[in-house]
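**Q** Sharing a structure with you now.
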Amino acid sequence: MGKYFGTDGVRGEANVELTPELAFQLGRFGGYVLSQHETERPKVFVARDTRISGEMLESALIAGLLSVGIEVYKLGVLATPGVSYLVRTEKASAGVMISASHNPALDNGIKFFGNDGFKLADDQELEIEALLDAPEDTLPRPSAEGLGTLVDYPEGLRKYEKFLVTTGTDLSGMTVALDTANGAASVSARDVFLDLNAEIAVIGEKPNGLNINDGVGSTHPEQLQELVKETGADLGLAFDGDSDRLIAVDETGEIVDGDRIMFIIGKYLSEKGLLAHNTIVTTVMSNLGFHKALDKQGINKAITAVGDRYVVEEMRSSGYNLGGEQSGHVIIMDYNTTGDGQLTAIQLAKVMKETGKSLSELAAEVTIYPQKLVNIRVENSMKERAMEVPAIANIIAKMEDEMAGNGRILVRPSGTEPLLRVMAEAPTDAEVDYYVDTIADVVRTEIGCDN
């Protein structure tokens, strides 16, 4: 069976890998799988980001949904978490987002949400993939009144914006610099922060279909850092292309990453008795300084594999309400079921406003250790078995002994490529270089492809 779904839906170069033909099939088969047990006409929300390929894929996807009798509500440009929110609150059968998140404009993606607002379970993805791989399409082909209908639904954006504002507090007297990545947040972030009475300055707000994430947004915060310093803003907020992640900038122009954002919000919730099980869910990539700050604060942590879907799975299974990743995916389950950059930004500003502390003061409680990551090309068959190689296991153990608890080593296989990732954290850059380079040399000698 072909593997179409990755960790965040189906992705590829638009019109080359992710074609209109595939989008049509995903609409048809995905719509069928997600609505086959509905007793009334299914209702599905569809949104996209600002990529030039978005309307092409949107049209094809919607045609597929209509072909199996689904009532489609077209949201236009909207943040990914907005789809998740509307699916839950408007009691839809499913939602679909057309976006490749932080990827460049030539890529695009299609991801589905079930009627609970969560991304699809593995068995649902497998069912869709089985239909994609079937020798022929045997699904029903309704006609006349059995066909689906299309409803333009611009009010979905207004409802999502109103929801975001209700989670915040009055930001009068605060200046906020926004970078909307020329993406989905460009239609909402300005209005939301104005409604919260903040003074704002905005960049990355002029999408042309080709400039999404291009030198702007959460993966390129340099322009925002300059804007914060130029305007004297209290904080800067950078979203990615579909606004499901956030990277912040403090008033001095320094980056505040997902680890620090989670700590700031988590500490605030913990002190109010609102942090479920007094626990934050994070991944193996979170910085050692983040872990030490949690320990000092008496906050527990649950650690998952890399990927926001694994964070969400742990949150759902154990009843936690805050989790996320260093990259800026932060899930606040009290409000939404997926990472939401604008929601997280509002909560961060709320903590600043209610504590009266600057972002640099709040972030200073987490001392970020220098971190280095090296990717080493290995045979696919060996990447999962690297730790079985005695020389590799021995050098890792030796380096960990030298660290004496004041550092961290993580060696893990890539989920999608024939790579072994070697990461280390330590108090100084020189120590990090030493640990990573020493381990990487042994890995290359033992199982590297270049040998």
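Glycine residues also receive a Cβ, built from the backbone N, Cα and C atoms like all the rest.
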**Q** Select one of SER101, SER360, SER381: the residue that Swiss-Prot places in the Mg(2+) site alongside ASP240, ASP242, ASP244.
**A** SER101
**Q** Around ASP242 (Mg(2+) binding site), how many other C-beta atoms are within 10 angstroms of its C-beta?
**A** 36
**Q** Sequence gap of 6 or more, C-beta under 8 Å: which same-chain residues meet both conditions with respect to SER101 (Mg(2+) binding site)?
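**A** Once residues fewer than 6 apart are set aside, SER101 (Mg(2+) binding site) is near ASP8, THR80, GLY109, ASP240, GLY241, ASP242, ASP244, ARG245.
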**Q** Other than SER101, ASP240, ASP242, ASP244, which residues of the same chain sit close to Mg(2+)? List them in sequence order, counting a residue when its Cβ is within 8 Å of the Cβ centroid of the site.
**A** ASP49, ALA79, THR80, SER99, HIS102, GLY183, ALA184, PHE239, GLY241, SER243, ARG245, GLY339, GLY341
